[in-house]
Every structure is written in C-alpha cells, then in structure tokens.
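Heads up: the structure comes next, in structure tokens.
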Amino acid sequence: MLPVLITTFVLGCAFATGWFADLPQEYGIYTNDIFNADEVRDYEIIYLNGRNEATTPVLYELTAFGKKINLRLRQNNHLTAPDFSVAVTDGNSTRVLSGSGYDNCYYLHRDEETTAAVNLCQSHQMEGLVFLPNETLEIFPFRSPALKFHAGERLPHIIRKANHKLNPFTDDGINLNLNYDSDIYRKKRETRKNARMTIEAALFLDEPAYRIFAPFFDYNDEKLRDMLLAYINGVQALFHHPSLGKSIDIVLVKIEIFKKQPSDLPHFEGERNQLLDSFCLYNEKHNPRGDENPRHWDMGLYVSGLNFFASENGRRSDATMGLATVNGVCTEKYNCIIAEFGTTNVFGKPYPSAGFTSVYILAHEMGHNIGMHHDSTGNNCPKEGYIMSPSRGTNGETVWSSCSANVVSTMTSTKCLDDSPHSPVKNFDHMKYDNNPGQIWRAKKQCELLIRDHDAELFNPDRLEDICENLQCKTPHRSGFYFAGPALQGTDCGTNKWCQGGKCVRKEEKAVKVVKGGWSNWTPVGECSSGCIKKSRGYQPRRRTCTEPKPVNTDEGCEGPSYDVQICKDDKICSKKKRKTVTEYATEKCREFSKILPDLDPKANGLQAMHESARLWMACAVFCKRKDADMYYTPRIELNDLGTDPYFPDGTWCHNDGLTNYYCLQHHCLPENFKYVKGSFQEDVAFSQNAAPKTTKPSNELLHYLGLDLNGKPLLTTLMPSQANPTFEDDWTDKDYLEVGDHLG
C-alpha cells in the first residue's frame, strides 16, 4: 500500500495550553493534561489519515523535529493472550470485567535505527511510542469539541519527546529433578540461542490482598486491575533488563480477584508450606490441560496480602515473603509460586512487600521457577547486590547477576516457553506501561500505595536522585518515615532524569522545559471538631494541591504542606459539663491502648508531658504507666499504623510561654498564631516505621527517650539515629525455595 503522508506543524506552548485543556482523562497514560509534573516537553501537531484495515503492513511517513520517520507497522501478536480475561470472584458469583472483543489493533515497527509500538484501536487514531537512537517520541490523538470543524478523515495528533535490603529469600525455592528428555522438557539448544521465551501467566489476588487494596481504590475493580497490570509490567521490565542477557516476555492469560477466598483454596493464615501446597493444587485443578489450549498458563502467580510465616525450631518466623519451586515452570504440579503484596505486621507497619518492592519479590520467585538459585548458592556470584540475593531489601538489588543471566542463556528449553500468544485485549495489557510503570505510578503514587494514604508524599524531596535505590515516604497523619524500596522503573528522579535499573540516569541530551509548581487555594475548612478538653480549642482541616500550575520537570515551587489544621472555637460543641481534664482524657486513652499493648497498665492514670522546644511532639503525646517499669511511656511507635491515635486531639492546650498559648497541631505543640514556613519544625529523630523481620522490644535507650519518670520528667532527651533505627539486614535472610523432596514430604 502507499504510505500515509502526515502533515506536521509546530505548536507553541502559549497556544498549546488552551488546546490541551480539552484533552480527556483517558489519555492520562501519555499526557496527564500535558502540563502534569515532569511531563511538558517539545511537541508538534501532525495530521494523519485513517488506516486501511484491509492491508498490512500499514505504512506511515512523517517528519517530526526535523527528522524523517518511516513506519512499517505490522500487527503485534506477542503482548497478551487472545483469551485474556479479568474476573472478580465473590463466593459463587463471578463478574468478568468489560474490555474483551477488541480486534488485533496493536502494531510494531522495527528497522536498523528505529522501533515503534502503537495501537490503532480507534478509527483514524494512533497512540504509541517511536524509539529513535537517542530519544523516544510519543504519539496520541488530540480530541476537542473543535474537531468538528476539521474536514475529511485527517485527525490532529500530538507528537512529543518523551521523558522516559530486607527481603527473605534464603529458602524460597524447591529443586525439581526432572527428566529433561521428556516431551515436556525438550532440549533445543540450537534454536534457543535466538529464540525468545514467553511466560504465559495467570495471576490470582487473594481475599486478604483485596481487603487491603480495595478501600484505597474506592472499591473500583477497574482501578485495582490497572494497579495489578502496572505491578506485572514492573516485573516485565526486570525480565527485559539488559543484565539478564536475553529478554523474557510475560503474557497474562488471566487475572482473578478474590473478594471471597474460594473454598478449594484455603490459605492457612499464611503458613508458607501449606499455602504453597494449597495453591499448587488449585493451580493444577483450574489450569486447562495442554499447552495448545489458549487458556492454559505456564505459571500461576498467587499474590497475597497475608504475612507469610514458617515455624523454625518451634518459633514463628515472619521473614518469608515468597516461595517457589525451582524448575517448576511448565510442569503441571509445580508451576506455582506465592508472593506477598501489601503486607503489614500486627501493628500495621509495612513489610518490604507492602508497596511496589513486591515487584522484586515476584520477579525473584519467578526466577526460581524458571531454574535460578540464589546468588552465592552453588555459584560464584556475590551474596548481595542482585535480584536473586538471598536477602532482599528495600535498598538497591535491582538488576540480575551474571549467574542468573547464565541460567537463562543455557537453560534447557521447554515447549511451553516457546509458544507465543497472539493479540492483546485493550485495557488488560500490562505492556501499556511500556516497561516504565513509574511514568504513570510516580513516586508520590508509589508512596500512597505503600502507606495506603492519599496524603502520602516523599520524605526527602530534596534528594530525588536517591529514590531509584530507596524511595522513602511520609504522611502528615503519622510520625516517622517508611522505606518503599527502589522506585519503579521509569520514575522521575530529577530534572530530565528517571530510574533505570536502580540508577538515576539522564533521559535525553536536550534540556526540557521547566515550570515550577504553584499551590492552589486552600479548600474551605471543614466543620469544627474537638476533643472537648479543658483549656483547649477545636480544629478544622483543609487541603491544597500543587496544580496552579503543576510542576513540570522539577519538584520546585510548592514548598510547605498540602494538609493543614486550623484552630477554631469549640464553645458550641463542648458545654462546660462535657469538658474533660487532660488527665482524664489520657487515662481513658491508656485503658484503650492497654487492650492492644499488654505492657501498659490499664489501672493507672495517663498524663501529658511538659512542652519541649527540641521535641515538639512531647506535650501532644499521651503517656501511660508501664507494668514492667516505674515509668510512663508513649506508644507512638507501636500505635503509629493501627489507626489508633497515640496523641491528644488537635486543638489540645499544651503550653504557654508567658505571652501566647500553644496548642497541638498535627501532633506538634505550636503557638496559636503559628504559620508554616520551610524548616519550621522537623522530627527530632527520624524513626523508620517499617516492620522488622521479627518481634523485638524497644531498646532501653528508646524506652527512656519515649518515657518519663513517675514525676513526669523526661528520662532521656537525645537519641542517636542508630539507636532509633536498628539494622535487621541479616534477619531477613530466608530460604524461599524448596527442594523437591521438601515439597513432597
């Protein structure tokens, strides 16, 4: 067929702003209103004709940014399985999410210098990416009510330059001794050299995980589905990383979300061996037989919100985060793995598997299932620093070792990894994230998912270059910070930089436009609420967003908090007879806390500490008498993530300096007329609020730092960071694979 000629003109920023305001939300994958943070780049408008659906290849010829680009597009038959489905199961009822029935409208181009991946799913419209030697271009249709004035089939499109240690694995795999001359395991050493492997996978999200994530997504199953697609795409990016040597494709055959756990899939509360056995039986039972069946999958992935555990020497160990059988892929009984996602301990503190660090956990277990052992186990690779390390942390370990790459290059081929599915189903294709899910799930969204709090943000936004190795998060509603692990592939880590392979690298040579962010107006304050404590006031929360304008290719411009609390008069809601003394309020809270923490004395009075300028939280924290010591203690670490507030309510009186009354505001004792400026107050000691691999009691130094003597005087006023955040790296080491004898026994 003749090439489709494309007319191009450059669109300036001033003119573009008005037009882009009309872009619909469904283009958020590529645009986020164009002026979203870190996303304004050089762009042009092109006009293209509709494709001739009866001909292949589809040819396009265009000029953009002074470059002539010829695209020879052929249908891509290697994204998602043709019968891919997403089902939400609730007991005996199953609902299949809409989105099936689309034609094969995904296309690829490849020549010596250029590759492209686009979809032509909508008539006369193109969406996708063109990869040039030194940069990437995005193409997507422009929609606006003004389009009705354009004649014929030529539709305007926008083309722009794109910006594109704690984890237990010592015993997480089962070795299988299989007959590699069988029909299942057929040696193809010559053809494997250049053949591309494809893992057809089915993902099952269990009921505990659904209960964790569904409220965060407002019980919207489509949003939950898209999060799981981003999750799998993050895993796919790891299996496409150059350090692996040969890329392995992951193709989803199905996703099943359990609102209610199936009766034939007991989870044994997370006991790892029983759970793996249970899922392997379920996986074998429900996986259609025969690799020729389009609904058959090579590997079953059980993604769980449970805290996996094992019994070791009569004691419970919570170090396990996944379990798999080595060389189990393509077998009927052992092509099954389990992995945590969204998991917290009994105090609500996140394990490394709580957020997108679970991407590395799942990739690690899949590595076992295709034949990889731990680095340093039977090989000469270092014990730490790579994905197959026996101890996965929230710090680094984002690439494959040479030992893992050697397994892939020399592994015996299996027939099930040699077949390739055909066309994807729109909305269900994890490759829509283009191996860079961090471009959609940005650092803030990753923090929100980890803590499941929409007010979550980066703990130290001044050090963006560090997030590729270890993203740290905070929220105004809790103290301390949280390790989220390495940021997702493609996450922006500075001006014109993004995370690739755990490193913060430059996206392209040419400088991009920078727009500093600006705050919106504060939302109207809510109704006045109060703890009705004597001498105190009420409080009213308010919020603002960094959207006027949104920051572009920078995190500068929006300094200060997005969440704020103001003092209000509470006389109308608190009559004199209703008001409690601060001691009465603290005593009631201590009785409540003692039901959770048995070390607290439920019969003793609670109290309020004196104000300290170096520790602004002191006079706003509730202190309770301990049973095991002659001291008072504030459980601000233990209760931080349980939804049980260990502080006095905002508006509680906490100090007077002779001129001004001070009140508790966001857990800090501050002057009544306090106005935030950058650096107004900081944590005296930054506590990591992540879960430890095993239950440990606070050190004596930490107990005293958070304690008062019986007269209400501080026991310790300073604390070293190392005393606040002990290292548990070795305690996360765990054998997360099983030998076949262990599995069968």
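Cβ atoms here come from the backbone N, Cα and C positions, even for glycine.
Model, not experiment: these values are computed from the prediction.
For GLU365, the entry in TrEMBL reads active site. Residues or ranges marked as Zn(2+) binding site by TrEMBL: HIS364, HIS368, HIS374. If you look up TrEMBL, you'll see 197-424 marked as domain 'Peptidase M12B'. Annotation source TrEMBL lists signal peptide at 1-16.
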- Task: Fill in the CA-CA distance, HIS374 (Zn(2+) binding site) to GLU365 (active site), as an integer in Å.
- Result: 10
- Counting every protein chain present, what is the number of Cβ atoms, excluding its own, within 10 Å of the Cβ of HIS374 (Zn(2+) binding site)? 29
- Message: According to DSSP, does HIS368 (Zn(2+) binding site) sit in a helix, a strand, or coil?
- Response: helix
- Item | Most Cβ neighbours inside 10 Å, all chains, among the binding-site residues HIS364, HIS368 | HIS364
- Note on the structure: Once DSSP output is merged into helix, strand and coil, HIS374 (Zn(2+) binding site) belongs to coil
- Query: Near GLU365 (active site), how many other Cβ atoms are within 10 Å of its Cβ?
  - Reply: 27
- Message: Can you work out the mean pLDDT of the predicted model over the domain 'Peptidase M12B' (197-424)?
- Response: 85
